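Contents: one structure, followed by commentary.
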């Protein structure tokens, strides 16, 4: 079992879980995250895990290279303060925005990102999908031997921002998005590997199924959920 982040179970409330049924505009989501992260830092709001979908769009992280935006007119493009490069969000992709107080858990950015990866891998395992990490590539990957001995596709992306030791932004897991929508960018600046989804791998899963798996596995990784 994954060792949870160190925390004081007696004083830290379980995070609030929020699920948005309708697609949330990106700018609205960022404003909501920033406000909630500030409130968490001030001690006036509990931690939050927010599950949602966005309308089709591209976001550019702080390391984005403009040459990786191959089709800038295809979908709206938003510059964002999260780490990473270009990524796609849209219908059929579960986005989990995670707002946690690392001061009260463990003030270690690398450990936090690794725990996000472990959370995604544990969630995928609920659907009998083996997710893996790579030391030189953030995110979660699956091997595709039917495409070649060394073929791998990305199934989940990670991009975080931390302010006053409170996290926001988070992860995206491809459930059944239109994978062609990724062709307008070089996802995460990595051109030699593709993208996949649960549906592409032959696994039928609803968003409700994925949400249940995310919540079930959260506590094993983060220690409170």
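For all residues, glycine too, the Cβ spot is worked out from N, Cα and C.
For 188, the entry in Swiss-Prot reads active site, acyl-thioester intermediate, with the evidence type sequence analysis. For residue 188 (active site, acyl-thioester intermediate), the same-chain residues lying six or more positions away in sequence with a CB closer than 8 A to its CB are 84, 85, 86, 87, 137, 138, 139, 154, 157.
Marked as substrate binding site by Swiss-Prot on the basis of sequence analysis: 82, 83, 84, 85, 86, 87, 88, 89, 157, 158, 159, 170, 171, 172. DSSP assigns residue 86 (substrate binding site) to a strand. Packing around residue 86 (substrate binding site) is summarised by its Cβ count: 23 other Cβ atoms lie within 10 angstroms of its Cβ, all protein chains included.
If you look up Swiss-Prot, you'll see 43-225 marked as domain 'BPL/LPL catalytic', on the strength of sequence analysis.
In this structure, residue 154 (site 'Lowers pKa of active site Cys') is part of a beta strand by DSSP. Look at Swiss-Prot and you will find 154 tagged as site 'Lowers pKa of active site Cys', backed by sequence analysis.
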With the substrate site defined by the record as 82, 83, 84, 85, 86, 87, 88, 89, 157, 158, 159, 170, 171, 172, how many Å span the farthest pair of C-alpha atoms?
15
For residue 159 (substrate binding site), just give me the three-state DSSP call.
strand
